[in-house]
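Some features that Swiss-Prot has for this protein:
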type: ACT_SITE; residues: D179; note: active site, proton acceptor
type: BINDING; residues: L58, G59, E60, G61, S62, Y63, G64, K65, V66, K81; note: ATP binding site
type: COMPBIAS; residues: 409-421; note: compositional bias 'Polar residues'
type: COMPBIAS; residues: 422-432; note: compositional bias 'Basic residues'
type: DOMAIN; residues: 52-312; note: domain 'Protein kinase'
type: MOD_RES; residues: T192; note: phosphothreonine
type: MOD_RES; residues: S427; note: phosphoserine
type: REGION; residues: 398-432; note: region 'Disordered'
Amino acid sequence: MLCPSSMDEEGSEEIGFLGDLSVGMDTFIHRIDSTEVIYQPRRKRAKLVGKYLMGDLLGEGSYGKVKEMLDSDTLCRRAVKILKKKKLRRIPNGEANVKKEIQLLRRLRHRNVIQLVDVLYNEEKQKMYMVMEYCVCGMQEMLDSVQDKHFPVFQAHGYFCQLIDGLEYLHSQGIVHKDIKPGNLLLTTDGTLKISDLGVAEALHPFAEGDTCRTSQGSPAFQPPEIANGLDTFSGFKVDIWSAGVTLYNITTGLYPFEGDNIYKLFENIGKGDYSIPEECGPLLSDLLRGMLEYDPAKRFSIQQIRQHNWFRKKHPHMDPIVPIPPSPETKDRWRSLTVVPYLEDLHGYSEEEDLCDFEDDIIYTQDFTVPGQVAEDDYFAQTQSTAPSKQLCMNGTESQLKTERRVSSSSQRKASTTGSKVRKLSACKQQ
């Protein structure tokens, strides 16, 4: 039997041993503060959708995400709207608006209207990819980047002239945009303005006598009195003139002509038609704004009257510094550099033993939708072939398709050959 004194001695020895062990562990395992940890960024894996290499996220809206991408055939920089069918079904008129936008954009070609380059569809994942020409920034993003929320007069004038050019083209094609606002005006690196988002636009019937419309889904702050007051019918073109007037008011003053705590109060104020123009706008701009924001649509300026106005025709001096394109909100990159470069590096480092990248290997094809009054591509080429020699067209870096559907095979042979050629092409691009 052990005596208490011997048990105490053994206990003290055990405690001493554990203490020595803990000191040893501290010496063996180097303890560092969490702030000293350097986290290795996750390697970006390349993903190809058809012939397009995906880049980083550019933005996200109610309809889906917008990402940058690179055309592996032409090496043109593109933007893509990624639309999920499940999400579109939850949005009122979501699928119908997207289909309408595709139908309209397919027949439009103008410097100041966004161009649709391609439409891809993944049947298994129920995804649609709308490939558009790339724009570096949105006008609303530029306005939000400065404290007073407006452009210098000369800069606003340049953008407004381009807006009128694009709007005149849309109207000449019988299209009412219905949602002109800074948030739907995009800009390229050289300052070219592009009218975008034709989801709520309306194509007038080719044989319609006027521009009468009956529905509107535009942004409330940019709607005219006839819509705010709930009229059954209204002039579609004059709605766009009013919205362009509110846009001009906003980009020159940083304010809105009509405001309200809620949509009901806002529409009440718009319906009355009472607004004021800041004195710093000057007499010429004030007169143009009053003409575009005329309560009576019949007296409201037409595009021809806007073009003939002295403020529109005047050459405005560069007195204030220009509002530049702001840095990217995600990466803070002031140059808005190509975001597909890390993915190109991933392709460049590919070896035969490695799994190359994620590849949308399901059925992906270009979709065509018939537009009222539009000649189908097959019929068009059949007609032109009999009267003139065939000629391959190239629209903004994309070749015209003779078929309405282009399927991508899921066989391993196609993947090996096509993907291999893309790797060689993109790797050569990176080395240059």
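Glycine is no exception: its Cβ is also placed from the backbone N, Cα and C atoms.
All features noted in Swiss-Prot, drawn onto the structure.
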residue: L58; record: ATP binding site; Cβ contacts under 8 Å, 6 or more apart: V66, K67, E68, A79
residue: E60; record: ATP binding site; Cβ contacts under 8 Å, 6 or more apart: V66
residue: S62; record: ATP binding site; Cβ contacts under 8 Å, 6 or more apart: I91
residue: G64; record: ATP binding site; Cβ contacts under 8 Å, 6 or more apart: K81, I82, L83, K84, K87
residue: D179; record: active site, proton acceptor; Cβ contacts under 8 Å, 6 or more apart: D197, G199, V200, A201, Q217, G218, S219, F222, S243
residue: T192; record: phosphothreonine; Cβ contacts under 8 Å, 6 or more apart: R111, N112, Q162
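A simple way to gauge crowding: the CB of V66 (ATP binding site) has 16 other CB atoms within 10 angstroms, across all the protein chains here.
The domain 'Protein kinase' (52-312) scores a mean pLDDT of 96 in the predicted structure. The residue listed as 'phosphothreonine' carries neither a helix nor a strand DSSP state and counts as coil. A Cβ within 8 Å of the Cβ centre of L58, G59, E60, G61, S62, Y63, G64, K65, V66, K81, the residues given for ATP, is found for these other residues of the same chain: I82.
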